[in-house]
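What follows is a single structure, and I will ask about it in a moment.
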């Protein structure tokens, strides 16, 4: 009889994400125990559970009572701040857990921390999952994208719960077993890196349309609404159209124009760029988006630079660049440039996942990654279905850029893409994401690059040797001596 009263699963960490995920689980018919070190959050969650449909949520006020209220083998989700708080929570809960029980960390954790915790958990006979959760507060409550990696046994213990709780799309729930070790956290990290790129590219489209095209916020709202009905249909494009419509409560006009132009960040974009560098994977669009966040933080320096350079004679070119612009054509060009740039950004993210999968032996299914990102998550977009199909057609696809369907689209959008970047440059408007994407495309598609000169330079000053195009082997040349002889 005792087991009847036990919860199916537990969740510790009741900030908004934790509360919403717990209520989502309960809403799907799974009795859940909840715990938070600050006990007022437990009461808050219980109040919400009552108000949102008398959901089966049991509040617990100590680690011991919490753990013992869950049926064996116990599965406990932790949603606390990454780093030391996770270790502290694990320590408090594992004291009362038994071999075969499972801990699931749902935070944005560095993947190597997850791999360390897997080893530590195994010593106690515990199972461990590092699970990326994307979708923000709304996604956690109504259906997120879930990326669990680690113990396959632990995944199977909660698979039925995760599949009901996750966002649902036409080809299934937005969750799959990612792979061993810290793969779930790594995939979520790359998701966030792609998200950085997406947001940067959208902000550049906005900048060009507003400052070169002279479009109002009302016009921008309509344009993004229209774009969200086509190839650019996505969560980020949808919310952007909403943002342009919100009026300022404290004054005239729209709120977006009153927001300080300094972008915050929590570190996952930086981790993505660092991992790309470690694995020798080119990810210039994601890197450019990170650099832009750093530069946005230099507000005082940027204002001073604008003043100093104006005094030095730099003239504002936006006005001259915008004169005579065909608005209709510009809008369509920007749409095409945004789409082509996005393909490059996603290609970079997917290539990073593949490189890490090869290094770690995770055997990541890139088509499945695209599928579970189709719903619930921040980067959900209609064209993820086409990315899924590209990897289903060819699991060993070197890059999305060379998938036959995407290749045609890139070629079709080239002229518009170049016009937008050229116009922005002539207007003095920075579009680092679009420029990085275009440079990536142009570099990747060239059969021969000027890297031959770089190799010659390296050989001259460092005797690093070089290869030839016409015969095998490594060669070294006494460049300076031969150059002087020929003078």
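Backbone N, Cα and C define each Cβ position, glycine as well.
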According to Swiss-Prot, 13, 14, 15, 16, 17, 18, 36, 37, 38, 80, 81, 82 bind NADP(+); which of 108, 142, 156 is also listed for that site?
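Looking through 108, 142, 156, the residue Swiss-Prot assigns to the NADP(+) site is 108.
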Among 458, 471, which residue does Swiss-Prot name as a further substrate binder in the site formed by 108, 134, 135, 136, 191, 192, 196, 266, 293, 464?
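The one candidate that Swiss-Prot places in that substrate site: 458.
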Quick one: among the recorded positions 188, 293, which has the most Cβ atoms sitting within 10 Å of its own Cβ?
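For the recorded positions 188, 293, the Cβ with the most other Cβ atoms within 10 Å is 188.
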Measuring Cα to Cα, how many angstrom lie between residue 38 (NADP(+) binding site) and residue 135 (substrate binding site)?
25
If you run the three-state DSSP split on residue 196 (substrate binding site), which class comes out?
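Note: residue 196 (substrate binding site) is helical by DSSP.
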Out of 36, 108, which of the binding-site residues is least crowded by other Cβ atoms within 10 Å?
108
What same-chain residues, at least 6 away in sequence, bring their CB to under 8 Å of the CB of residue 191 (substrate binding site)?
132, 134, 145, 147, 349, 373, 377, 378, 379
Cα-Cα separation of residue 108 (NADP(+) binding site) and residue 464 (substrate binding site), in Å?
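Pair distance, Cα basis, whole Å: 41 Å.
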